[in-house]
Amino acid sequence: MEAIVSAASVIAAGLAVGLAAIGPGIGQGSAAANAVEGLARQPEAEGKIRGTLLLSLAFMESLTIYGLVVALSLLFANPFS
């Protein structure tokens, strides 16, 4: 029974990282595309657009880091065993 729990934890860790990266990856691509479009329309607003973009990318990346933390806790501090 413990082997099944260990195997399920490894699979869940992989799914946690993979699924946690899908949403932010799509969001970051969309944000970067819109930032480039905004820069093409208004080059004089480059500083403001860049600052907002970097802040929003950091918030989106934090979701992926939370998925990584969940995966690491499933692998090394397994709460099910």
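The backbone N, Cα and C atoms fix where each Cβ goes, and this holds for glycine too.
Long-range contacts of the transmembrane segment (3-23) within the same chain: residues 63-64, 66-68, 70-72, 74-75, 78, 80-81, each at least 6 residues beyond the stretch ends and with a Cβ under 8 Å from a Cβ of the stretch. Annotation comment: Swiss-Prot describes 3-23 (among others) as transmembrane segment, evidence class sequence analysis.
The transmembrane segment annotation in Swiss-Prot covers 57-77 (among others) and rests on sequence analysis.
In the shown protein chains, 15 other C-beta atoms lie within 10 A of the C-beta of E61 (site 'Reversibly protonated during proton transport'). In the three-state DSSP scheme, E61 (site 'Reversibly protonated during proton transport') falls into the helix class. The site 'Reversibly protonated during proton transport' feature in Swiss-Prot is assigned to E61.
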